[in-house]
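Student: Below, the features straight out of TrEMBL:
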type	residues	note
TRANSMEM	30-48	transmembrane segment
TRANSMEM	104-124	transmembrane segment
TRANSMEM	130-148	transmembrane segment
TRANSMEM	192-212	transmembrane segment
TRANSMEM	224-246	transmembrane segment
TRANSMEM	289-311	transmembrane segment
REGION	321-362	region 'Disordered'
TRANSMEM	430-452	transmembrane segment
REPEAT	851-884	repeat 'TPR'
REGION	915-942	region 'Disordered'
Amino acid sequence: MPTIPVPSRPRKEAGDARAADPSRLRLADAAILAAFAALAFLLGVFPLKDVDFWWHLRTGDLIRELGAVPRVDPYTYTVPDRSWVDLHWGFQLLLSYGYEAGGVVLLNLGKCVITTAAVLLLLTSRRRDWPLWAMVPAWLPALVLLGGRMYIRPETLTLLYLAVFLAVLSRWDRRPWLGLLLPITQALWVNTQGLFVFGPILLTFALIDAALRPGAFEKGRRRWWQIALGVTGLVGLACLLNPYGIRGAAFPITDLLFGTLSDPIFKEEIAELSSIPKLIEDTAGYPHFMLIVHLSTVALGGLSFVLPLLWRGTTRIADLRGGGGDADQGERPKKSRGKRSKPSAGPNPGGRGKRSAAEAPGPGWSLRPFRLLLFLAFTALSWQATRNSHQFAAVVGTVTAWNFGEWAAAVLRRRADRGLDAGPRLWPRLAALGVTVALLVAVATGGLYAAAEEGRTIGLGEEPAWFPHRAVEFAGSEGLPPRFLGFHIGHDALFIYHHGPERKVYVDPRLEVMGADQYRAYSTLSRAIANDAPRSSWRSVLAEAGNPVILADNDLATKVGVTLLLDPSWRCIWFDEVASVFAQEADARSGDFPAVDFLGRHFGTQADPAPPRLPAEWRASVKGLSKYILIFLEQRNRPDQAAAMIPLGLSRARQARAVLPGEAEPWAFAAAMELGRVGLASAGPDRRYLHPFEPIRDLHPARVASFARSALAIDPDATIALSALLGLALQRGMDDVAVPLLGRAIAHRPRSPTQAQTRDAYRDRLSQAVARLGAEPRVDVSNGDRIRRSVDALLASGRVEQAVDLLEQQYPIGERDWPTADRIAALLMHLGRPDRARASWRSVADPPDPALRQARVAASYYAEDDLDAAREAYELALDADPRSFDAQFGLALVEHDAGRAPDALSAAREAIELAPDEPSRAASQAIVRRVEPYSDAGPAAP
């Protein structure tokens with residue numbers, strides 16, 4: 001019998017030897033650490049978007065100029081000389097010197113290096129027998145979450161200080177003299193950020209943990225407690241080592257916890273101060289990627305306690321059933337708490353011996369109060385305010401890795417004690433490395449950020465088209481009031497950087513300085529201007545505030561800009577891709593600042609001082625103009641103001657498509673803006689597709705449909721394009737087009753309560769559209785007359801696409817007469833298929849009116865926004881028939897959109913003379929009125 005296992009034993013041992021090759025294991029562990037470090041570094045490599053950066057930078061410069069830290073607020077004029085406890089001054093000095101040496105790029109690199117060093121310090125704060133292959137995967141969700149707030153902020157240094165504290169406290173039970181690093185760290189921390197209070201909190205948790213351990217107060221522990229309590233006292237004294245003394249040390253409690261930031265308005269209106277439940281409520285339960293990562297980090301952290309406890313319980317039961325506990329190494333220290341337990345539980349002040357307790361294998365997994373307190377406290381903090389996710393991720397990621405690392409080590413020791421194979425293996429290391437590298441690749445390729453839907457990119461400079469530098473610089477021009485009010489509040493920080501403290505702001509992002517009352521006044525004023533309700537007092541509030549220069553973010557404060565554009569007492573004196581600047585009319589007049597003329601910019605009579613240059617600037621420019629246009633149309637009922645901006649918006653969209661040929665947004669925004677011209681073009685009644693194609697009624701709707709379909713062909717989820725095409729289909733009664741679009745719109749998960757309400761409204765509209773469609777009409781294609789009747793029945797029921805499909809099947813290209821070809825083409829133009837419409841018109845070899853056919857072909861090019869091809873085709877039509885109204889009117893539209901005012905004026909005047917009816921004449925006259933002020937030609941004759 002003993003000879004049976006002999007042949008297999010050598011093979012098994014040989015395999016084990018290969019798997020446990022120390023050099024290969026060390027190489028694999030090094031690769032895991034390198035991949036983890038690279039991932040941590042790369043997660044921080046994104047462009048600067050944090051608005052607080054600028055006031056921090058200006059304050060650092062100011063401290064260097066004055067040689068003293070600020071004690072009163074130098075920036076705001078509404079709360080002058082208010083006390084300011086600026087514990088960030090150390091960070092701000094580093095920021096100032098770093099920016100001077102290498103700008104944002106150097107500071108971003110420094111942030112990445114500090115963050116990587118901190119997380120590596122946390123990861124390597126472990127016993128040697130805790131395997132990296134168990135700890136690193138446990139760290140990854142927290143690392144991704146931490147990457148979401150890797151900003152150039154004081155919290156980057158807070159992360160480093162947290163790492164030092166956790167690294168020391170995880171070892172000080174065995175090496176208490178390491179605790180002397182903590183007072184030094186605390187002294188640096190208190191001069192960096194108000195979150196220095198985390199240091200004493202962590203220390204308190206560690207003392208509680210030490211006090212709860214068996215034999216904590218035995219005689220052998222006395223020396224340890226003397227050192228620990230001495231360190232604790234020094235950490236407390238270090239909190240006083242700041243320029244403000246006791247006032248600074250008490251700042252986290254008096255100002256943050258129970259002071260200014262405790263006011264509920266901040267949690268209601270400042271996104272990063274909102275709680276997780278409020279975030280879920282505000283997003284209508286939308287499963288945001290980072291929210292899922294946050295909750296997964298909490299869940300994984302909880303499991304890191306639960307699973308080892310369950311394992312410990314099951315192994316104890318198994319050992320008891322087996323008749324003894326000798327295999328449970330986790331219980332042995334409890335059975336002999338004498339000499340054997342002291343090296344692991346007691347102090348080792350001198351660190352003597354060939355192998356210290358820090359390196360020796362520990363007992364089986366046990367619940368550590370220190371880790372549990374860390375997990376509960378920082379999870380609660382993250383639940384209360386999303387901005388705490390940075391510290392939460394660092395602490396909970398560390399605790400989770402510790403728990404799983406210790407558990408894995410305990411499992412391996414138990415297997416070894418029971419005579420089972422527990423040797424080091426290569427495959428778990430390769431698996432951990434593979435997961436880490438896969439995540440690294442996802443970050444490097446942008447896949448992670450695409451999943452997060454946050455638009456983050458890899459880069460080290462500033463986020464383009466994010467900070468309104470040029471607008472803010474202009475807002476501080478000589479001749480303008482030295483007072484500034486920004487919407488949103490982050491832009492005040494940029495104004496402080498460019499113009500402070502000589503020119504001052506109404507409010508700024510330093511919430512603890514501004515106070516809840518002033519922020520509440522600012523918030524109320526912002527809503528009052530945006531809503532512009534009758535008898536609103538916002539004008540008098542601004543007058544009391546000295547009528548400051550106002551900056552409105554074109555994306556985040558569009559309604560504020562719309563109100564000020566419509567108010568005659570305010571003048572828009574700057575408009576670029578990010579923001580617009582307004583001055584009180586009297587101030588603008590006295591400073592000789594002309595109003596922005598949007599049509600003048602389109603027609604070239606007013607220069608744009610800051611045209612878009614970068615791709616991101618083109619995107620932002622088109623988006624900003626479209627938002628203004630939509631609010632003018634949908635919320636203010638001011639099509640006249642929209643008409644003044646639409647030509648410039650469409651021109652910018654056209655230029656943006658040349659810069660960004662593969663993107664859907666320029667097409668989508670163009671569709672939304674063009675939809676604003678449908679009403680201006682004297683749109684006819686519903687079901688226009690039942691009538692012959694007419695340029696004044698059908699060209700603009702055809703462009704809307706064409707632009708929207710172009711966007712959806714690039715991105716099927718382009719919401720703006722989907723909304724524009726859906727709105728047009730419902731307005732025109734094309735129910736077979738509307739039904740699938742409504743289904744797609746309903747399928748989109750809402751991201752706010754407003755969107756949830758819109759989805760409910762879409763459900764009602766879908767039911768109505770399906771009811772209108774009713775039963776499908778019977779189709780008979782036995783002869784031409786019955787085909788026509790079948791098509792008429794389909795169109796009468798709102799089935800435009802089905803009617804076109806039937807006509808194209810029964811009358812292929814080359815077999816159509818002019819009436820059939822024209823009818824098919826007209827329907828295709830309504831559907832947004834100008835290329836197929838053009839092919840249908842061109843399929844007739846000998847049309848009865850060649851000029852009309854050429855004008856229709858030109859219209860198809862215009863529907864595609866190909867102005868050069870449309871112009872050439874319209875000119876050919878006029879060569880064939882100089883008295884073609886369709887050609888002259890279409891040419892006027894083309895020249896108008898191309899920004900050629902004299903040519904548009906000439907063509908529009910000719911169209912007036914050729915107009916077949918009053919609507920056609922009125923549409924032509926509207927073009928004349930719009931372009932005449934920008935043309936060198938004289939006014940039209942009465």
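Cβ atoms here come from the backbone N, Cα and C positions, even for glycine.
Note: TrEMBL annotation is automatic and uncurated.
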Student: What are the helix, strand and coil residue counts for the repeat 'TPR' (851-884) according to DSSP?
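Tutor: Summed over the repeat 'TPR' (851-884), the classes give 27 helix, 0 strand, 7 coil.
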Student: If we skip the immediate neighbours and take only residues 6+ beyond the ends of the repeat 'TPR' (851-884), which ones have a Cβ under 8 Å from one of its Cβ atoms?
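Tutor: Answer is 650, 654, 670, 693, 695, 699, 702-703, 706-707, 710, 818, 822, 825, 829, 832, 834-835, 837-838, 841-842, 844, 890-891, 893-895, 897-898, 914.
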Student: Looking at 30-48, 224-246, 289-311, which one has the highest count of Cβ pairs under 8 angstroms to the transmembrane segment (430-452)?
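Tutor: The stretch with the most contacts is 30-48.
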Student: Counting CB pairs under 8 Å, which listed stretch among 30-48, 130-148, 192-212, 289-311 touches the transmembrane segment (224-246) the most?
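Tutor: So the stretch in question is 192-212.
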Student: So what's near the transmembrane segment (289-311) in sequence-distant terms, Cβ-Cβ under 8 Å and 6+ beyond its ends?
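Tutor: The answer is 138, 141-142, 144-145, 148, 276, 279-280, 283, 365, 367, 371-372, 375, 379, 382, 389, 392-393, 396-397, 399-400, 403-404, 406-407, 410-411, 451-454.
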